[in-house]
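Enquirer: The structure follows.
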């Protein structure tokens with residue numbers, strides 16, 4: 001049994017124990033990754049190329065791909081950056097604040113999809129490159145949920161809340177965005193900087209903090 005399979009079993013077991021009526025939800029840590037537009041994907045990989053899904057993500061319809069890219073800033077670069085599918089209307093790269101400092105890109109905290117006024121970067125695959133003038137974000141920490149979840153937890157789409165995360169170093173995160181959609185699966189997303197701060201490990205849970 002590999003690590004991915006083990007983490008999936010742990011997540012499912014915790015969800016089973018919490019049930020649909022609990023106030024706690026799963027917390028997931030996301031590493032650096034990229035969402036490519038169809039145009040940029042074809043430029044980097046070829047006109048008729050199709051990305052290769054290798055792992056389903058927790059949010060329905062989203063997946064990690066086999067293909068990787070380089071992202072190149074003024075002070076350095078990251079190779080092996082995972083592509084998440086399917087393609088989006090605009091290319092977006094999600095880095096942590098530490099990542100941004102490392103490669104010389106300004107770290108702008110934004111909700112996913114809101115990329116106006118964000119920095120650009122150079123993206124490479126082999127001898128093919130694409131330079132984007134916007135799209136690099138530090139993703140605002142957020143909780144995905146359905147309308148039913150939102151009603152049960154007493155929150156609404158777009159609301160900013162505090163969340164207590166029960167990691168090995170429990171802490172309360174402020175400025176957490178609530179994202180509500182019928183297709184969403186209840187879970188909180190943080191990046192690796194935030195994961196390290198709370199002592200994240202597989203099975204970490206969180207809850208809305210109201211005190």
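Placed from the backbone N, Cα and C atoms, the Cβ positions cover glycine too.
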Enquirer: Which of these, 67, 77, 94, does Swiss-Prot list as part of the Zn(2+) 1 site with 33, 35?
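Expert: Of the residues offered, the record points to 94.
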Enquirer: Are there any residues in the same chain, six or more apart in sequence, whose C-beta is under 8 angstroms from the C-beta of residue 88 (phosphate binding site), and if so which?
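Expert: Residues satisfying the criterion: 35, 36, 37, 113.
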Enquirer: Fewest other C-beta atoms within 10 angstroms of its own C-beta: which of the binding-site residues 35, 75, 142, 144 fits that?
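Expert: Minimum Cβ neighbour count within 10 Å, taken over the binding-site residues 35, 75, 142, 144, occurs at 75.
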Enquirer: I'd like to know which of the binding-site residues 33, 189 has the most other Cβ atoms within 10 Å of its Cβ.
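Expert: By the 10 Å Cβ neighbour count, 189 comes out on top.
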Enquirer: I'd like the number of other C-beta atoms within 10 A of the C-beta of residue 30 (CoA binding site), please.
Expert: 18
Enquirer: Within 10 Å of residue 31 (CoA binding site) by C-alpha distance: pick out those among the binding-site residues 94, 142, 144, and say none if nothing qualifies.
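Expert: For residue 31 (CoA binding site), the binding-site residues whose Cα atoms are within 10 Å come to 94.
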Enquirer: Looking at the binding-site residues listed here (94, 142, 189), whose Cα lies nearest to that of residue 30 (CoA binding site)?
Expert: 189
